[in-house]
Amino acid sequence: MTTVSSDFLRIIHDRGFVDACTDTTALDALLREEVVSAYIGYDCTAPSLHVGSLVSIMLLRWLQKTGHRPIVLMGGGTTRIGDPTGRDDARRLMTDAEITANMAGIQSVFAKYLTFGDGPTDARMVNNADWLSTLSYIPFLRDYGRHFSVNRMLTFDSVRMRLERETHMSFLEFNYMILQAYDFLELARRDGIRLQMGGADQWGNIVNGVELGRRCDGLSLFGLTVPLITSASGAKMGKSAQGAVWLNAEQLSPYDFWQFWRNTEDADVGRFLRLFTELPLDEIARLEALEGAEINEAKKVLAHEATTLAHGEAAALAAAGTARAVFEQGGVGEDLPTVTVSADDLAAGIPAPALFTRAGLTVSNGEAKRLIKGGGARLNDTVLDDITRMVTDADLKDGEIKLSAGRKSHALVRVS
RNA sequence: GGAGGGGUGGUCGAGUGGUUAAAGGCACCGGACUGUAAAUCCGGCGGGGUAACCCUACGUUGGUUCGAAUCCAACCCCCUCCA
């Protein structure tokens, strides 16, 4: 491994953030000399970001902590094109209204991880719709299109994969990499941004931007990618019992977020502690050395630290408290998902499968019945084996009813 | 524009007139074993119904037939070759 001496590169190397860099030595020198502005682009394809993006967010956080300036680029313009990277079919074109709504959700995530403002190392947020949507076709082609070799573009993974698999790729999508490259040039011109970072799958797009900067303006730009994070058993990271692991509390409760980290595979604990927490490396080394059931302590630390960053310490402690009550004492906790039913409904009796669905533990009555038949459903911690069972106010214990789907998913029913 | 191939469930991929809600794999959800881990094994895996059963589904729309994912027609889209 290359020896680096700048704080930023040293830390991110040691913590396992670096997949590839266009010129480590020169970037290291630059980082020692001046405050470097670096950006990462995020497309607005969903109303929040999920843990897949968290590695890059932590990277921006370290950048800021080591005295540099992080720039968050919202892909308001490029999202209208659709990045073909890693996909073998075109994205559904999104409406401007969807993109705008998604952008608002994504912006709120960054406020928790970065300090925004006007100071030299304060983070800033920019939107590429500001310059992309006003481009004129002919001038753009003459000024920038001539720097792109189609022969070369065809060799990039994102395009080659489509060609090899013989799946359709529209000219619209083909242009994505050109626009992303142009973003880098535009940001370099506007704000002197020198470095673009991103996921390993963005390598080709990033290199295009570095080269465009050199060809057009003789700029010395840099690219750095972080590895795609998969779990030790090979699965793409980011699934919880409720689906994707979103970073917004509205999409995924802090309790479920905490649970996601608590359920990390043993083999991933050390790596995840380095990537997703800011604990000192010697402390992490101690935690990951724990054996057998002891390593659960390390998972709790991971859950606490990661949840504190995303949702604040109070939410992390509350989640831990609920988890302790539910898993270690077999009780209930305030953070469990709650559904309220009317007193009349409950007095009349609610079929158990319907109640499981209303509580969000199952998505349909059929699934709830299957859960019951399979022995995975519990009512107040007692296995429920009758799909015709009616749940009534007689089932209330201390004013609530605890429903469980499997060992890990629980919900509370209360009367309004 | 011409010729040929193809569009199947979350995904990959079988299936060419009836027991096909559609083989198999993956993903996912339960159960057992555990440590709220991994691996392994078992079960489930469109919707509604206690059930009998009903509804929806194999690119789209029509048609043939007692009966269609399977046959026919038109249309849409993708791939390959030719011009």
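Placement of Cβ uses the backbone N, Cα and C atoms for every residue, glycine included.
As annotated by TrEMBL, L-tyrosine binding site applies to A:TYR39, A:TYR176, A:GLN180. Residues annotated as ATP binding site in TrEMBL: A:LYS239. The annotation motif ''HIGH' region' is assigned in TrEMBL to A:44-53. The annotation motif ''KMSKS' region' is assigned in TrEMBL to A:236-240.
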- Query: Judged by the number of other CB atoms within 10 angstroms, which among A:TYR39, A:TYR176 is the least packed of the binding-site residues?
  - Reply: A:TYR176
- Counting only residues at least 6 beyond its ends, the same-chain positions whose CB falls under 8 A of a CB in the motif ''HIGH' region' (A:44-53) are 74-76, 79, 91, 94, 99-103, 105-106, 109, 199, 229, 236-238, 244-248, 250-251, 260
- Reported mean pLDDT - the motif ''KMSKS' region' (A:236-240): 63
- Message: To see if you understand the setup: which same-chain residues, six or more apart in sequence, place their Cβ under 8 Å from that of A:GLN180 (L-tyrosine binding site)?
- Response: A:GLY41, A:THR78, A:ASP83, A:ASN205, A:ASN208, A:GLY209
- Task: For A:GLN180 (L-tyrosine binding site), just give me the three-state DSSP call.
- Result: helix
